[in-house]
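These come from TrEMBL:
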{"type": "COMPBIAS", "residues": "10-27", "note": "compositional bias 'Polar residues'"}
{"type": "DOMAIN", "residues": "353-452", "note": "domain 'Lethal giant larvae homologue 2'"}
{"type": "REGION", "residues": "1-53", "note": "region 'Disordered'"}
{"type": "REGION", "residues": "971-1016", "note": "region 'Disordered'"}
{"type": "REPEAT", "residues": "513-531", "note": "repeat 'WD'"}
Amino acid sequence: MSPRSASLVARQTLSPERPPSSGQRAGQSREGDPQDSVESIASVPPPEAPGRPRFLKLLRREPACLGGPHNKMRRFLRPGHDPARERLKRDLFQFNKTVEHGFPHQPSALGYSPSLRILAIGTRSGAVKLYPFCPPGSHPGRPWKGWGPWPCYGAPGVEFMGLHRENNTVVQIHFLPGQPQFMTRISDTLGSPSVSCQLVTLLDDNSLHLWSLKVKGGVSELQEDETFTLRGPPGAAPSATQITVVLPHSSHQLLYLGTESGNVFAVRLPAFRTLEDRAISSDAVLQWGRRRWDHPPTPAHARCFFFPAMKQLENVFWQRDSRLIVSCHSDGSYCQWRMTSNSPKPEPLRSCVPYGPFPCKAITKIFWLTTKQGLPFTIFQGGMPRASYGDRHCISVVHSGQQTAFDFTSRVIDFTVLIEVDPAAAFDDPYALVVLAEEELVVIDLQTAGWPPVQPPYLASLHCSAITCSHHVSNIPLKLWERIIAAGSRQSTHFSTMEWPIDGGTSLAPAPPQRDLLLTGHEDGTVRFWDASGVCLRLLYKLSTVRVFLTDTEPNESLSAQGEEEWPPLRKVGSFDPYSDDPRLGIQKIFLCKYSGYLAVAGTAGQVLVLELNDEEAEHAVEQVEADLLRDQEGYRWKGHERLCARPGPVHFEPGFQPFVLVQCQPPAVVTSLALHSEWRLVAFGTSHGFGLFDHQQRRQVFVKCTLHPSDQLALEGPLSRVQEGSSRAERTGLQNMELAPVQRKIEARSAEDSFTGFVRTLYFADTYLRDSSRHCPSLWAGTNGGTVYAFALRVPPAERRMDEPVRAEQAKEIQLMHRAPVVGILVLDGHSVPLPEPLEVAHDLSKSPDMQGSHQLLVVSEEQFKVFTLPKVSARLKLKLTALEGSRDYGEHHLAVLTNLGDVQVVSLPLLKPQVRYSCIRREDVSGIASCVFTKYGQGFYLISPSEFERFSLSTKWLVEPRCLVDSAESKKRSRPRNGSGPEKSLGRARNSGSQSDGEERRSGPVMEHALLNDERVLKEIQSTLEGDRGSCGDWRSQRVAVGYSLSNGGAE
C-alpha cells in the first residue's frame, strides 16, 4: 500500500456542551506502518470554562478506560474502545459542509421572477441556485458596524440549490408566473407542503424539469417534482422536437414549447401532459402565411407575423401594450413593427443599425421599454462593429440621447431588465439592468444619471484575479473592523446608492457571533479583505501593492479610459480582470496581526512588504532593504526572473493599509514562509534558499541564514525562469507545484542530495526555554524541506530601549529528523500542554498567560510523522506515524486535525497524539481543493471547489451558521421598486428553529458537484390549488453547525 502525504495542521476549539452528532473513529497507526507527510500547523485557545473541566476530566480518565489494570470490562471491549470516550467524540466532533461562497462556476442560464424578485442561475454541471432574499436594514451606503441585523445588503449567499440527476448543462430557466393553481395528489399525510415558487429548467439533452420551493417540516427545500422529454412521431427528425423556446402561460398551468423545426407544442403542468389539440405545426404556419392574412387564425389559437426574409431574425421583443414588436437581426440592426397591420408585406415603422454603417455583429437580444417621461429605453446585446470591436462582450443602453456600451471582460451569458411588475401599469419604467456574465454578475442602476453599477452583496467574483493564497483571521476587534470598513467605503464611491434590487423574501438569519476576515492574495498583486462572519462573503476592502513597484501600466491608468467623443461609447464594468501586469506581483503569503493592525505580505519575486493601517491619505517613500540569502556563498548563480524595481521617491497611498518598508530577498525567489510578531516588531521570511529576520521598528536586518545544499542547483532555476534548458523546464514546473499539490510517494529515508532540501516550509516565533530550564527567551524556529529544524535565540530590548539597542540573534539548536522528511509545522506547548498564545493576546486579556513553570514541549510536524520533544534538551518524548496513503493539513483544540491528500480529515489528540475521528471532506481527485484549504481558529475551513467558489466546512458543533429565508408568494402584491439612498428598513422576521443535518454520515458525492443539495425523492408531483396570501415558505439551505480555531501556519488562518 502506497503511503499518504500530509499537508496542513490546525487547531479547533471544542466544547462538550453541544448537541450530539455521530463521529467516525480512525485507528492509530502501528510503529511499523508506512509514514505520512504533513505541511503546516495551527493551534487554538482552550474552550470556555463550562466545557473545559469535563473535557480535561475525561482525558485524565482515558488511560484507565483504554485498558488500565483495574478495568473489569477490558476483555469485552475492542482494544482502545471506550464507550464514554466515543460518546464524547460525538459531542465534540461533527463534520458538515455549511455554505458556498463566491460566484457559480461556469454559469449557463439566468432566470428571474419579477413578482417574487428571486434570481436563479444554472450551470454547465447541472446545478440550479436560487438567491432569494434581502435582510433587513441592509444597504451599501450603511456599512455594518459589527453587530445587529445581518450585515449584507442582499441575499446572503446561496440559499437553495438543486442538482439535476443528469448533470447536463442548464440551457434555460423560467419561473412560472403567479401562484400554483393545480391540485396535489392524494398523499399519505393529511397536510401537503406549501409552495411559494416554481420554475422550469431546460437542459442541453432536451429534457424539461419542474422544480418547487416547498416547506416541509419547517425546512424549505428546492425539490425536483417532474421531468419530461418531448417526443415526436416515429421517424420524425430530431429537429422536430429539439426545444429552442420555452414560454410559461400566465395561468400557471400551461407551457408552450417552440422547436428547431418551427413546431409549437402546449404542455399541461405539473404532469407535463402534451395537449395535441393545441399544437401548431410549421406546415400550418406556412399555410397561414400563404393566405396573406385573408383568413387569419383566431387569437385563441395563434397569432403569426411574417418578416421580410432579407436578414436573419435573432430575437423578438413584444412591447407592453401588445401593439408593437421589436425584432433584432444578424446584421446588427433592429426594427419596430406594428401588430395591427394586415399588409401581406408589412414595413417596419423604424429600422436602425446602432453601430453602422460598417458591418456589425448580430444583436442577439433586445428590450424596448416605455417610460412615463415618454422616451423609451432600448437595451440590446451585441451589434458592435465587426472589424474593430467584434471580440467585445457588450450590452448597450440607449435612452434620451444618451448611449453607453457596457463592456464586460467575460462572455455575457444572459441579461434581463427589472421593470414595473404591476400588469395594470401603463409603462415599463425600467430601474435596473441585471447581466450574468461568465465570470460575474453585474447590476446597473438605470434610475441614476450615468447609469452606475450597484455593488453586489453576494455572488462575489472571488477570482477577479486568480487566487494565489488565503489567510483567515478570527474574532476581529471592533476598532480594526470599523477602520477596514471605512477604508473600503472610500473605494466604493463609484457604485450606485440604490438598494439591492433582487430582494425577494425576508432573512431570518441571526446576527453572526463574531467578526471574521478572510484575506485572499491574487496574481495581480492585490489582497482582498472579505467579511467571512457568516453565510455571505462580502468584500470590505482591497489592498494593491502595485504602487510600490514600477510596472508597464501605471496604477492610475484605467482600462476603460476613453475620450468622450470616441465611438462606440464603451465603458468597462465589472470587477473581473484575468490579466496581470506582471506575474512577479503575485501574492504568495499573508500574515495579519489583528491587535496591532500590522500586515505582512510576500510575493513571487522575493518581495516582503510590511504595512500598517492609516485612516488618512499619505505620501511617503517606502524604505528598501535587501536581504542576501546567499551571502558568503560561492558558486551559485540565479537563473530565474529578475527582482521587481521599487518606485523611487514618495508614493501616494489611499487610506487603508500603507507599506512603510520593503524587504527584497536575493535571489528574488518565491517567498515560501512568513511570520510576523507584532509585539517584538519582527518579521521572518523564508524562500527556497534560506530565511531571514527583519526588525521593522528599527528598519534593519537582524540576520539571514542560507539553507541551500550544494546539490540544490535546481532551486536556483526559479519558478519564472527564462532558462530553456531541456529538462529544467519540467523541473521548474515541479517547483511551482510543490506547495500546491500534496504528492503521493513511498515514504523512505531521504538523501541529503535530494533537491530543494533548503526550501523553508515554516517559521514560528515562541517565548520558551531554549538554552536551559532556568530562563525563557524569545526564539525563532524554522523548518526546511530537508527535515532540518533551526532554532535561534533572540534578544529583544525592553520597550524603553527598543529604538536604541539592536535585536540580536544567535543560533541555539539544529535538529535533523531521521528520515529528512519536510518539516511543515512547528508548535510549542506550555507547562499545561497548551499552545502558546498569539502575540498581544494576553496583553488584551483575551487569553490566559502561558504556564512558564512546567517544562515546555516542542511539536514538530513533518510529512511523515508528528513528533513531540521536551525543551530545552530536545529529547524525543513520543511520536505518531501517519497511516499509508495520507497527507495532511492540520487543525484542533488540544487536537491536531489532519487533512490528507485523499481528502479525509483525521483528528488526533494533543499532546498524546491519539487518533480520534476521521471524516471524508474533499474528493481525492480534487488536488487544487486540497492544496487551497485554509482553517479558521474555531474549527471551520475553506477550500476552493472551483476557481471562483469557496466551500466552507466545520468539524465542530459549537456555533450554527445557517442561512434562513422566508419566501412569501403574496409578497409581490406589496413590494415596491428599490430606492436610491437610505430607505426604510424592513423589520427582522422571527427566526425559526430548524433541524440541521448533523448525522455525521458521509455525504454521497455527485459525479460533478458533490456540494449541491437535492432531495432525490420524487413525491408530491402536484401542489394544492391555491395558497392563501399569508402563507409562505421558509428558505433554509441546510447549513450545518460551525465552530472555530486559529492557525499558526504560513498562509493559513489565525
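Cβ coordinates come from backbone N, Cα and C, glycine included.
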Long-range Cβ contacts under 8 Å made by the repeat 'WD' (513-531), restricted to residues 6 or more beyond its ends, are 101, 144, 146, 151, 460, 462, 464-476, 478, 481, 484, 488, 537-546, 549, 577, 579-583, 585-590, 592, 594, 599, 601, 603, 936, 942, 950, 959, 1044
Per-residue pLDDT averaged over the domain 'Lethal giant larvae homologue 2' (353-452) comes to what?
93
Quick one: DSSP breakdown of the domain 'Lethal giant larvae homologue 2' (353-452) into helix, strand and coil?
4 helix, 47 strand, 49 coil
Secondary structure split (DSSP) over the repeat 'WD' (513-531) reads 0 helix, 12 strand, 7 coil
